[in-house]
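Lifted from TrEMBL, the feature list:
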- B:20-45: transmembrane segment (TRANSMEM)
- B:57-78: transmembrane segment (TRANSMEM)
- B:99-120: transmembrane segment (TRANSMEM)
- B:171-194: transmembrane segment (TRANSMEM)
- B:206-229: transmembrane segment (TRANSMEM)
- B:268-287: transmembrane segment (TRANSMEM)
- B:307-328: transmembrane segment (TRANSMEM)
- B:335-354: transmembrane segment (TRANSMEM)
- B:386-408: transmembrane segment (TRANSMEM)
Amino acid sequence: MIDRRDFCKKALLIAGGMAIPLSALELFDPKRLLAEKNDPAPTRWVFLVDTHKCVGCGFCVKACKIENEIPYDANVTRTWVERYVISRDGKTHIDSPKGARDGFISPKMEQGVEHPVEVRNEDIAKAFFVPKLCNQCDNPPCVQVCPVGATYQTADGVVLVDRSWCIGCGYCIMGCPYGVRFFHPVYHVAEKCNFCYHRITKGMKTACVDACPFGARRIGNLKDPNDPVTRVIMTERVNVLKEEYGTKPQVFYLGLTKEVK
Amino acid sequence: MVHGEAWTIKEFFCYPNEYIYWTIQIVMYPFMTGLVAGAFVLSSLYHVFGVKQLKEIARFSLVFSFALLPVAMMPLMLHLQQPLRGIEVMMTPHFTSAIAAFGIVFTTYALIVASELWFVYRVYFVETATALGEKRERTLWEGILYLIYRLLIMGAWDISHEAVEKDEKAVKVLAATGIPVACFLHGYAGFIFGSVKANALWMTPLMPVIFICSAVVSGIALCIVTYTVTMELRKMIFSWKRQQKPWLPSTDELKSAEVQVVTMTSKYLLMFLVLAITLELLDLIFRGYTALKSWDILRSVIYDKDFFKIFVLQYGCGNAIPFVLLLLPRLSLKRVVFCSLLVLMGVFMMRWNVVIGGQAFSSSFAGFMEYRLPVWPTTMELFKEGLFGAIMVAITPFVLFFGLTRILPIFNLKDSH
């Protein structure tokens, strides 16, 4: 029969004996070792949108839908363009018919079930277009809330979805403040813009960047100081969307104003 | 058609990908888990705190809580786009997600309720199995029952005084651990919503607490309703059977016992109701007072678009009216049941206003979305996330309850629990 003193002694011995190999696990964390040896990711993909250059042609949306096989007529899209018309009385009107897949062909602005509004040219104080896409946040809320780890962030900063693992709960869609996520109409799993990861990792540009005739969209590597995109971000006055959510978005905008939602 | 398009109506500017993705089944999910947690808390009032008057309803609500348990999972499975992969939440949980804890919390809770039930019913199992075993000729149903009970006993045939006392102690411990776990199960359902920073209506640290209080309220209310209905049925059956078997309790005897239990339970209902209303109003006032960026759109949702659902159905019919009716003197059985039904409707509306109301506005804060509940199921999707899917979820616990009570009778047990 073991007495109390012996029990305490042996318990301490076992606890101590177990603590050593367990702490070794911490000592040799392969991820940290790699990180200390050299920067594991020489790349951080970022996006730069120059709203001054965007004319709302919608080529980017069209190109994206075809490149990434999002059913052409489905009312969801990985990227879209918003039209902002601010009238002289201070009212802001916004629309994005079919995500601007066909551009903005009518001066009438869609208002959902409400009647479309048309602001007369002489009443317009300012008007502009804002392209939107996934912000590939540094602190992505969608990755945080995925219950099965089907969405994850790569070392170079892009957030991807594993179509074979997503259970389709929609929590990531709810968690994204930018509304970039949706359910893929064919695969029935969460879907989002991934900066055309299959292209950028092969040295190409994204489909939307290639399609933009005006150079309003650019993609770059924030870790390369000589990258023209990085230079603009470092030296000019850029802004991001909805900073207050603490998501650290990595799509930078030139010419963003307070009306942009 | 894109998921969500069938029941979403957009007004003004919403982002192109925005639809009402969380629909009636996600309303049913917290409603059903709430009922589970509430029913369990009610049964624990007797087992842990020794509220003797609740003895009759305690066993009833424990069995009912067990019947509700699998149904808490049903709406989630109906909601998932990939229901066959639902098990991944248990297999590869990603613990930064609030949903990932579901498997663990739910399993823990299920085990606690199941083992508590086992301890409560063990003596009954042994006695019945012994009686059935001694019988020379058993009918088919008796044979099946005999087999089930023998399996359930798991070799623990000892029903001596000491053994039974140990059982009672175990029930008490399990019921006591069950309360925090039940609260966690439901508080965590509130956390799933409260932690979504992208949603202005959901994001509040009060959400888990509000969910727990309304859960207990709804659980008690449902137990009152089901208990009374079951008692009424018993009375009918007894008065019919008494012609042959005059030793059965008379209708008056049953009635007086019933009134006492139900009025006592309604006091607890009232208590938790006050707590729930206070917290919900606190949340509303706080939002208005601090008036953050999102308040403009929230105000138009709360005071304009959803006014009827929030202030008339939820607060008015679901909270204020039952509150007054329960406080009025000379409380009758009918009035308690009526109030309980109103309270149930109120809690359902609260879930609705949180889940659907939280998606009633675009995260651009520049547009609204309206949810049209699909009624006639022309496709599987419209069935799953429509009226009939919700009705199916609502009916299942009663079917399960009926089945369970064939094995675990809830009335006329002479054991001490």
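Cβ atoms are placed via backbone N, Cα and C, with glycine included.
TrEMBL does not curate its annotations; it predicts them automatically.
The transmembrane segment (B:335-354) shares more Cβ pairs under 8 Å with B:307-328 than with any other stretch in the list B:20-45, B:171-194, B:268-287, B:307-328, B:386-408. Only residues 6 or more beyond the boundaries of the transmembrane segment (B:268-287), in the same chain, are considered here, and those with a CB under 8 A from a CB of the stretch are 42, 45, 204, 206, 209-210, 213-214, 216-217, 220-221, 224, 295, 298, 302, 315, 319, 322-323, 326-327, 339-340, 343, 350. A contact links the transmembrane segment (B:386-408) to the transmembrane segment (B:57-78), because at least 3 Cβ pairs that are 6 or more residues apart lie under 8 A. Within the same chain, the transmembrane segment (B:57-78) packs against the transmembrane segment (B:206-229): three or more Cβ pairs sit under 8 Å, each pair at least 6 residues apart.
Sequence-distant contacts of the transmembrane segment (B:99-120) (same chain, six or more residues past either end, CB-CB distance under 8 Å): 36, 40, 47, 59, 62-63, 65-66, 69, 72-73, 76, 89-90, 93, 152, 167-168, 170-171, 174-175, 177-178, 181-182, 184-185, 188, 192, 408, 417.
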